[in-house]
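Report on the structure given below.
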Amino acid sequence: MLLLTFLCYTTYHMSRKSISIVKSQLHLNCSAAGSERSNDTAGCSWAPFDQDNYKELFGALDNAFLVAYTIAMFFSGIFSERLPLRYYLSVGMLLSGLFSALFGLGYFWDIHALWYFIIMQIFSGLAQTTGWPAVVTCMGNWFGKGKRGLIMGVWNSHTSVGNILGSLIAGVWVTSAWGLSFIVPGAIIAAMGVVCFFFLVEHPEDVGCSPPLHHTAAKEKEAEAGTPDDGPLSTSSRTSLDRSESTEEPKAISFLRALRIPGVVEFSLSLLFAKMVSYTFLYWLPLYIANVAHFGAKQAGNLSTLFDVGGIFGGIIAGLVSDYAGGRAVTCCVMLVIAAPMLFLYNHIGQDSIGTSIAMLIVCGGLVNGPYTLITTAVSADLGTHESLKGNAKALSTVAAIIDGTGSIGAALGPLLAGLISPTGWNNVFYMLITADVLACLLLSRLMVKEVRGWRGCVARKRGFAEF
């Protein structure tokens with residue numbers, strides 16, 4: 001299930017990446033293009049993106065997808081909590097492939113109407129909301145509290161792997177027939193949707209496996225009281241007994257009840273700003289590299305994948321450290337604090353040499369995507385199975401959708417603001433990203449203080465036991 005959900009969401013991100021690679025081909029520097037294509041109405045650029053306001057038009061495309069994605073995400077969690085995940089995810093992947101392919105067919109059908117591409121982006125955004133609540137819920141059903149940060153950190157590398165594959169696949173046809181940069185990823189996600197339909201298993205109990213342990217609090221209390229863990233009523237056996245005695249299927253919690261789970265609001269708002277930074281890089285990094293370093297569309301797209309390579313390591317490190325330290329908020333805050341000066345340095349020295357650019361992209365990718373990964377995976381699963389829910393696991397999709405949906409507001413604002421600010425200079429775009437990073441950290445300050453106090457309490461108790 002880990003591998004299957006990994007591959008499913010890899011294809012989701014792979015199909016999203018195409019637009020960022022193709023942007024630099026839709027509007028070219030005609031004097032440097034060298035050749036003209038017969039399909040181009042303005043020589044070397046694709047109308048309507050051949051005008052001077054092309055950055056604003058690109059921002060409109062990004063915003064059409066992200067606003068639709070953001071609004072629909074809050075409803076998607078409610079739907080996926082109440083519908084069979086296998087059907088919900090499979091249909092969503094088939095629709096995502098369809099609308100991605102229809103966007104690419106605009107090239108072969110010689111379509112130059114902005115409304116067509118915006119409509120395809122809107123429907124793609126709606127279809128893609130089926131992915132995240134479903135795969136996080138499936139992972140939460142299969143994996144319990146133990147080492148969840150590390151497991152989710154490794155698993156969430158599907159985001160970066162999908163971005164890398166999307167960049168490489170789209171780059172193959174970006175300068176020859178950019179329509180295939182959308183059609184091929186669309187075909188791949190649709191094919192993966194068929195695989196998901198035949199093989200996805202929502203609950204471990206469906207195939208005779210025991211459910212995971214989501215909480216360790218009871219076990220720790222027994223250990224402090226001296227209760228043996230291998231007795232007839234140990235934690236694991238009581239958990240099974242409680243499940244067997246429960247005759248009613250737990251009902252999915254309401255949206256407002258999910259908001260009242262401790263930590264949901266803080267992490268959701270923090271993700272809003274963290275995802276603003278991540279998605280601005282996702283949609284604008286290839287164009288930034290092409291403009292500042294004067295690389296071609298394919299070379300800029302390939303170089304931008306290093307940001308996602310760093311994201312893989314950042315997500316794993318964030319999960320591992322948060323598991324070891326027992327502090328999700330502290331881990332996020334430390335990485336966000338370090339990320340702010342690194343973004344400043346990348347903008348000022350990142351293009352001095354190819355070696356510097358590679359190193360800075362990997363470092364920035366790790367620091368930016370580490371907190372984003374941790375919040376959307378391990379934190380969402382922790383809160384979706386919070387002890388205040390008293391064993392009701394029918395909250396995973398709703399909590400994951402609230403957190404990711406709120407984050408998607410930032411994902412929509414980031415590229416939009418980048419499109420509006422970039423004409424005034426790329427420096428201002430990076431100042432906006434640094435500000436967002438700082439705000440993401442500040443919103444977690446209360447939870448960070450609470451975790452630090454918890455550590456101090458544990459140290460004090462250990463000292464008390466030692467003196468006793």
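Placement of Cβ uses the backbone N, Cα and C atoms for every residue, glycine included.
Keep in mind that what you see is a predicted model, and the values were worked out from it rather than measured.
Taken verbatim from TrEMBL:
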- 1-453: domain 'Major facilitator superfamily (MFS) profile' (DOMAIN)
- 218-246: region 'Disordered' (REGION)
- 57-75: transmembrane segment (TRANSMEM)
- 87-109: transmembrane segment (TRANSMEM)
- 115-138: transmembrane segment (TRANSMEM)
- 150-174: transmembrane segment (TRANSMEM)
- 180-201: transmembrane segment (TRANSMEM)
- 264-285: transmembrane segment (TRANSMEM)
- 305-322: transmembrane segment (TRANSMEM)
- 329-346: transmembrane segment (TRANSMEM)
- 358-383: transmembrane segment (TRANSMEM)
- 395-417: transmembrane segment (TRANSMEM)
- 429-449: transmembrane segment (TRANSMEM)
Point to revise | Contact between the transmembrane segment (264-285) and the transmembrane segment (329-346) (3 or more Cβ pairs under 8 Å, separation 6+) | key: yes
**Study point:** Result, the transmembrane segment (115-138) in contact with the transmembrane segment (358-383) (3+ CB pairs under 8 Å)
**Key:** yes
Check your understanding: Okay, the transmembrane segment (150-174) and the transmembrane segment (305-322): do they have at least three CB pairs under 8 Å, pairs separated by 6 or more?
Key -> yes
**Study point:** Interface check, the transmembrane segment (57-75) with the transmembrane segment (115-138), three or more C-beta pairs under 8 A
**Key:** yes
Study note, to complete from the structure: The answer for the transmembrane segment (180-201), taking Cβ pairs under 8 Å and residues 6+ beyond its ends, is 1, 4-5, 7-8, 11-12, 14-15, 17-19, 21-22, 85-87, 89-94, 96-101, 103-105, 138, 166, 169-174, 207
Check your understanding: Under 8 Å, at least 3 Cβ pairs, sequence separation 6 or more: does that hold for the transmembrane segment (395-417) versus the transmembrane segment (429-449)?
Key -> yes
**Study point:** Confidence summary (mean pLDDT) of the domain 'Major facilitator superfamily (MFS) profile' (1-453)
**Key:** 82
Revision key, fill the gap. Lying 6 or more residues past either end of the transmembrane segment (429-449) yet within Cβ distance under 8 Å of it, the residues of that chain are 263, 266-267, 269-274, 276-277, 280, 284, 288, 327-330, 332-333, 336-337, 339-340, 343-344, 346-347, 368, 371, 410, 414, 417-418, 421-422
